[in-house]
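If you check TrEMBL, you get these features:
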TRANSMEM  B:28-52  transmembrane segment
TRANSMEM  B:98-118  transmembrane segment
TRANSMEM  B:133-152  transmembrane segment
TRANSMEM  B:173-191  transmembrane segment
TRANSMEM  B:203-222  transmembrane segment
TRANSMEM  B:259-278  transmembrane segment
TRANSMEM  B:284-301  transmembrane segment
TRANSMEM  B:321-341  transmembrane segment
Amino acid sequence: MKGQGLLKGLYITLKRAVGKDITIQYPEQMPYLQDRFRGCLHFDYTKCIVCGLCTKACPNNVLSYESRQVEGSKKKELVSYTIDLQYCLFCNLCVEACPTNTLYFTHDFELSRYQRDQIKIVYEIPKEEPSAVKVDLKGDAPEPDETKKEKQLAAMTAALQKNPQKTVRKMVENDEDAEILAGILLEDEQKLSRMAALMIADREKAKKVAVAFVNKEKKDRLKGGGAEDESK
Amino acid sequence: MEHFFLNIAHSLIVWLMGLGLSSKGADLVLLIVQWICIVAIVTINVIVLIWLERKVAGFMQQRLGPNRLGPAGMFQTIADAIKLLTKEDIIPSAADRIIFRTAPIFFIIIAVMLYVVLPMGDGMQIVDLNVGVFYFISVASLSTICLLMAGWGSNNKWSLLGAMRSVAQMISYEIPLAFSLLGVIMIAGSLSLSDIVAAQNNIWFIILQPVAFITFFIAATAELNRGPFDMPEAEQELTAGAYTEYTGMRWALFFLAEYTNLVAVSALASTMFLGGWHGPWLPSWIWIIIKTYLVMLIFMWMKWTFPRIRMDHLMSFSWKVLIPVTLANILVTGAGIQFLAGMGW
């Protein structure tokens with residue numbers, strides 16, 4: 001019969017109007033979430049083995065971490081772990097990739113923030129109490145820095161000895177001065193090493209010293225020449 | 001309680017006459033007071049109705065409706081009204097300013113004019129016109145012009161389209177609306193609304209004229225521009241039809257008028273078919289309020305159940321179904337009256 005559908009519709013709306021509402025009064029009443037619900041991504045740093053699989057699995061480069069080598073071993077340890085949640089598409093790939101269940105989704109879906117930079121979740125890994133051994137290691141730590149400097153110095157010295165004009169060319173105004181300076185440095189071992197150290201540490205100072213050397217040499221030469229002339 | 005308002009009116013007249021006013025002057029003052037009362041009732045009613053409509057819509061969609069502001073969200077409409085009052089009043093630069101501005105005012109005036117003839121209780125009728133039904137139908141059909149004014153004045157093609165639709169729709173549905181009331185008028189033998197109510201002392205006309213009631217209800221829905229016949233507004237097609245360019249209080253006036261019309265037509269339906277203010281135990285004016293609100297709830301129920309009907313279906317439904325049915329109803333009613341008169345009733 002025509003019009004049956006209309007009555008059916010009226011019956012359904014009436015039933016809905018009388019029946020239970022499905023609205024959840026959200027801030028007061030929390031919704032029921034299934035176990036597999038993907039809320040905020042959580043990182044449990046105690047389990048992390050710094051394998052980097054999560055960062056490789058992430059399609060949006062949401063995850064990043066900083067690590068350092070544990071002294072005296074091949075192991076790495078975490079410095080910080082960052083989840084840039086604004087790019088996360090909650091695809092679960094990182095969670096699947098993690099071999100130690102370090103990453104997992106919580107039921108926290110209230111992810112809005114007032115500031116843009118608050119979206120990033122940064123886990124600063126607290127440093128463990130340094131043991132005695134580690135303190136010793138730390139004391140020796142500057143050593144590699146020192147050796148590096150020494151290496152640089154040696155290289156510079158070698159360069160000055162081998163090809164002095166070219167090495168010092170930028171320090172002085174013209175080729176003649178460069179040749180003069182090269183002569184001075186080659187004559188005096190002490191001056192050479194001092195110049196090399198200065199060139200590594202402080203270029204400006206090295207330039208000033210170089211100009212002073214050249215000027216002094218020129219004066220000496222003039223004097224010497226004059227003396228020679230006089231002697232003639 | 002029964003004569004509560006009548007007593008107030010009577011004592012007001014006595015007090016005014018005591019101040020030295022002539023009886024005509026006292027009547028004039030009473031008329032003004034009545035007019036103010038109508039406007040106040042209409043406004044309060046609209047506030048309640050919008051809240052009710054939202055609640056009903058919410059419940060039918062398994063939601064809760066407004067429930068934050070005040071008890072059960074009652075103050076939500078008041079907050080909305082304040083918002084509308086403080087909104088910027090925008091008139092499009094290309095609009096016909098006079099028509100654009102006057103359209104909502106006329107719309108609300110016409111809507112309020114309907115209340116003059118409605119009997120709101122035993123003897124509670126401002127003017128008992130002997131052509132009350134005729135007055136109601138003719139004044140109600142005037143609102144078409146206001147919609148056309150709004151659509152034309154906006155100088156916007158969607159507004160004009162919406163206005164055109166509403167004109168076509170309202171003119172088409174005016175005919176079955178009037179025809180469906182004719183059966184009642186024939187039985188009551190009067191166009192006066194108070195006579196019609198009096199005729200329903202023993203039996204409501206919904207029992208004698210069920211077909212007329214249904215056709216009246218459908219035609220009235222179309223006349224009110226309510227869903228599923230809300231073609232003039234048709235948000236999804238015409239943004240807001242004739243109201244597209246209206247903002248703030250001007251738009252609110254249209255809204256106010258629509259709900260005012262809703263109350264008026266519901267009151268008319270309860271007067272014509274549901275026995276008017278007749279009812280046991282309670283005072284008459286409470287009965288008419290209860291009946292009016294019941295009819296309005298059915299209007300809302302229909303609005304939030306049915307999808308919008310297509311324009312050509314809407315027109316063909318009026319001309320091909322409603323008008324023949326109402327005409328047949330008149331014929332059967334007339335034949336029945338003649339037959340029963342011949343039987344000696």
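Every residue number used here counts from 1 along the chain in the order it is shown.
Every residue gets a Cβ built from N, Cα and C, even glycine.
Keep in mind that what you see is a predicted model, and the values were worked out from it rather than measured.
Proximity of the transmembrane segment (B:321-341) to the transmembrane segment (B:173-191) is established through 3 or more Cβ-Cβ distances under 8 Å for residue pairs spaced 6 or more apart. Comparing B:133-152, B:173-191, B:259-278, B:284-301 for CB pairs under 8 angstroms to the transmembrane segment (B:28-52), the maximum falls on B:259-278.
With a cut-off of 8 Å between Cβ atoms, the residues of this chain six or more beyond the transmembrane segment (B:173-191) that come close are 129-134, 137, 141, 199-200, 205, 208-209, 212-213, 215-216, 218-220, 222-223, 229, 272-273, 318, 322-323, 325-327, 329-330, 333-334, 337.
Cβ atoms under 8 Å from those of the transmembrane segment (B:284-301) belong to residues 2, 4-5, 49, 52-53, 56-57, 60, 119-122, 124, 217, 221, 224, 226, 262-263, 266-267, 269-271, 274-278 of the same chain, restricted to positions at least 6 beyond its ends.
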